[in-house]
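Everything on this sheet refers to the single structure shown next.
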Amino acid sequence: MDTASSPPNAERKRAGWGRLLGARRGSAGLAKKCPFSLELAEGGPTGGTVYAPIAPTGAPGLAPPMSPPVSPVPAPADLGPRPRVSLDPRVSIYSTRRPLLARTHIQGRVYNFLERPTGWKCFVYHFTVFLIVLVCLIFSVLSTIEQYAALATGTLFWMEIVLVVFFGTEYVVRLWSAGCRSKYVGIWGRLRFARKPISIIDLIVVVASMVVLCVGSKGQVFATSAIRGIRFLQILRMLHVDRQGGTWRLLGSVVFIHRQELITTLYIGFLGLIFSSYFVYLAEKDAVNESGRIEFGSYADALWWGVVTVTTIGYGDKVPQTWVGKTIASCFSVFAISFFALPAGILGSGFALKVQQKQRQKHFNRQIPAAASLIQTAWRCYAAENPDSSTWKIYVRKPARSHTLLSPSPKPKKSVMVKKKKFKLDKDNGLSPGEKIFNVPHITCDPPEDRRPDHFSIDGYDSSVRKSPTLLEVSTPHFLRTNSFAEDLDLEGETLLTPITHVSQLRDHHRATIKVIRRMQYFVAKKKFQQARKPYDVRDVIEQYSQGHLNLMVRIKELQRRLDQSIGKPSLFIPISEKSKDRGSNTIGARLNRVEDKVTQLDQRLVIITDMLHQLLSLQQGGPTCNNRSQVVASDERGSINPELFLPSNSLPTYEQLTVPQTGPDEGS
């Protein structure tokens, strides 16, 4: 292949190599199947752009990247496909053009922005729409006042045009973005989305506004009396603010929870209303007021008076005239008004309980990530003792295949591209974008000095020159001789670190460091979980203490039951009959009773043995007919007393008393 060939010729040559190895799809397929590939290189013999071969590591025919391009020599077939050389990540062919966002991704973002607003941007947008709708409603009200009709009508006309265009466009965009969800895909899915109540309201508002603008004459809104009835449709725009219906769901949940109390109070209040109104009608149906007119001429008038009274409005158009009617009305007011006021208190307490429940739910939701982090860190601490390779794979950076362009003066890219590339690398290594608490660091190691790469990397050369400024600051040989030691220290400090790409490259100090980091992360997660578990209200503290007290009492009862089962009941309050029954059991009390019985029997036998030994001693000393009392008297007269004669009956003799023969008084003298 000619080194000065044009890019089309080079492309045809690449296609030829691809056909030799198999069918290909794009440059990526060729890179996987061909043992070497061609890259763009500037600064050729003609000053134009040529294609330079990039061969795998160790392949023959590889030249330095900045040298003139040479003809490629195919690598041996047994080497197989290998990743190409990474020259400069700033000029990757994937970053030369903007990444194309998928259609479903754009639909999802638009749908979340319009239908699921979160964040300050969504808040600003929807709040601005609410203000515009409110201003339009105010001008619609002012257009009915003769004093402001001229100003409000003209302004309202142009505001209606803007709002119709805006809401119509937004309706179409909402209908289009709903396709990101599976149940709204296709025509039937869009129709299902359009059948939602809030979508029907939006469509009615847009159509009603278009009818008002089209039928109006001389540029004035609501010019004819036939269109005045459509004005109330403008109020439906206020429903546009709460598209999710959170307000109505909250009200419905409160009413549903307290439905029994509400039904009871309303039922009793309604009964009090109809009975009291009927009694007032009977008392006031013939009464005439000062103007000579009967105020309670029908039962409907009495019901109207009752409704106005129990709702504490009191228009004063109907007033009882007789004392009987006034008495009935006073009793009715005290009784019925209290029942009609109860629903307000019930709903208020229900809303307060609902808010408290949501706060507790939020407080509980904060514990979920903390608990998950604690479980994760605890498991990682446990897995660190396992020598399996999967434990350490998260710390190994996968070798990313980079496709680069050769350029003598590459332009630095924006930081956005760097962030996107970093995000892609993290995603390839199994990291989720939301994992911000415990980031897994990638481990680097010093490359061995005796290992030399088979290729020349411009990126490594540029980084080494950039990170070693002392090589560029050398002025005289004398400076080199006097500062050789300092230069060696600088070069040692500027050693390039290579990322670890395989588990086998991890050493013992790497694993020990990982274990220490995991243990520190475990303690941090434990502390955060304990902080998240702290109660935020006094009621929660009381509830927690009561629950703990209940658990403590249950454990104490269980311990007492086990003690009674093992030791037995206290013998102080047990009668003898129950003790005899308990002797056959295996409790500690029964065993102690049996041991005490055995000790008593042994004591009795030892007493018998002691008496027998005394008799033997007496036989050895003075004969069988010697009396102890006479021996005591005789011994007392001689001035010596034999101590063996005063041994207690329940005491045992010593070993010397049993073995050493006693000497008489004559022998002792």
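Glycine is treated like the rest: Cβ placed from N, Cα and C.
According to Swiss-Prot, the listed position annotated as N-linked glycosylation site out of N289, N628 is N289.
The membrane topology recorded in Swiss-Prot splits W120 and T144 across the two sides. Between the listed ranges 37-65, 66-94, 472-500, 588-616, Swiss-Prot ties the annotation region 'Interaction with AKAP9' to 588-616. Remote same-chain partners of the region 'Interaction with CALM' (370-382), defined as residues 6 or more beyond its termini with a Cβ less than 8 Å from a stretch Cβ, comprise 437-438, 515, 518-519, 521-522, 524-526, 528-529, 531-532. Mean pLDDT across the region 'Interaction with AKAP9' (588-616) comes to 88 in this model. Annotation for N289 (N-linked glycosylation site): same-chain Cβ neighbours under 8 Å, separated by at least 6 residues, are E295, V319, Q321.
Sequence-remote contacts of a segment are chain residues at least 6 beyond its ends whose Cβ falls under 8 Å from one of its Cβ atoms, and for the topological domain 'Cytoplasmic' (177-192) they are 104, 107-108, 110-111, 114-115. A Cβ distance under 8 Å defines the sequence-distant neighbours of the topological domain 'Extracellular' (284-299), meaning residues of its chain 6+ beyond its ends; these are 277-278, 305, 318-322, 325.
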